[in-house]
Amino acid sequence: MCKDSMHEFLQALPKCEHHMHIEGSLEPELLFALAARNKISLPSPSEDPAFESISTLLARYRRFTSLDDFLHYYFIGMSVLITPSDFESLAYAYFKRAHADGVAHAEVFFDPQAHTARGIAYETVISGFTAAQKRALHDFKITSELIVCILRHLPASEGEEMYRQCIPDMETGVIKGLGLSSTEKGNPPSLFKASFLDAEKRGFHRTAHAGEEAGVEYMAEALHEIHVQRADHGIKLVEDESVMQEFVDKKIMVTMCPLSNVELRCVKHVRELPIRKYLDAGVRFSINSDDPAYFGGYILDNYCAVQDAFDLSKKEWETIVRNSIEGSWCSQQRKTEMIALLEDVMRKST
Ligand code: HPA
Ligand code: ZN
């Protein structure tokens, strides 16, 4: 809970989450339970003392030194997911937790390449996630979408092959968009042009991690070379006024993840993030959790951290949440419902 008296208001806001890797919501408790059930051998404590227990693993998570240091644990963690029911349990646990934080709509990333490389069928992954989505809609009234990510540390040709496999599900809307994640520096967006421009031609939504560890030039490239409609993290716009203005003019949404940026040492403190600058310049952004099981907080913890750092007004939060709703990849009808929820919260809070 934040230190602020606004906590109740922040909790009540109808949030849209746009930047959450579903595999990054794998809590250590479920990780160890699935490893035991599926007989997956994790690194032994002599190889890596972090795997001694839930508490040592959580303690190690608090000492990430970089994106790659985190990704090492992220990919080991997801290796315990084997059956459709494992994927369903993972996603349902996230939706339940997100509901408690006041999430109305969630667009979640997933990484098929990390599963098919271990011999898990693409269909296993999709069937587990879609089952959880249906239950979450029924149980919590949370609407959700899937965004498939190309892993940029792997050859672009492999990402393209995975994207091609997803096209039928993208055509039916089972998958709502294409994303780009994993090691940013040295893997610029332009390497993935073929997949992204094909996705644009077919009318699929597109986003890419850009401006997390790398600079604003990756954000400009994501916009100009692979024609994204969002940039994930995107904390580097202040490095170039003209790129920032382009993001404002083209209404390109930035999906920020404050606690992730601190945990992965992109900034020392949430105060250093350009939240105030983006609000003043009219850059649209949402606030998200990225990999909540690894970064010590879900979406409301991220809202609270921003409030503690920037002391925003209710009016400013209304703008953030309105932009999050409008920048979502859901139907106009769902947006209208969420705007009504937002207006109700605003009315009750004055
Ligand atoms: N950045 C890049 N790739 C990722 C991240 C991230 O924060 N989380 C999971 N994959
Ligand atoms: Zn991310």
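Just so it is clear, glycine is given a Cβ too, placed from its N, Cα and C backbone atoms.
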- Which of H99, H209, H224 shares the Zn(2+) site with H19, H21, D290 in TrEMBL? The record says H209
- Message: I'd like to verify something. Among the recorded positions E212, D290, D291, which ones have a C-beta closer than 6 angstroms to some atom of ligand 2?
- Response: D290
- So which one is it: of the recorded positions E212, D291, which has the fewest other Cβ atoms within 10 Å? E212
- Here the 10 Å Cβ neighbour count for H19 (Zn(2+) binding site) comes out at 29
- Query: If one looks at the chain holding H209 (Zn(2+) binding site), which residues at least 6 apart in sequence have a CB under 8 angstroms from its CB?
  - Reply: R152, G179, L180, S181, S182, E184, A231, D232, H233
- Item | When distances run from the Cα of D291 (substrate binding site) to each of the recorded positions H19, H21, E212, the nearest one | H21
- Item | Rounded Cα-Cα span from E212 (active site, proton donor) to H19 (Zn(2+) binding site), Å | 13
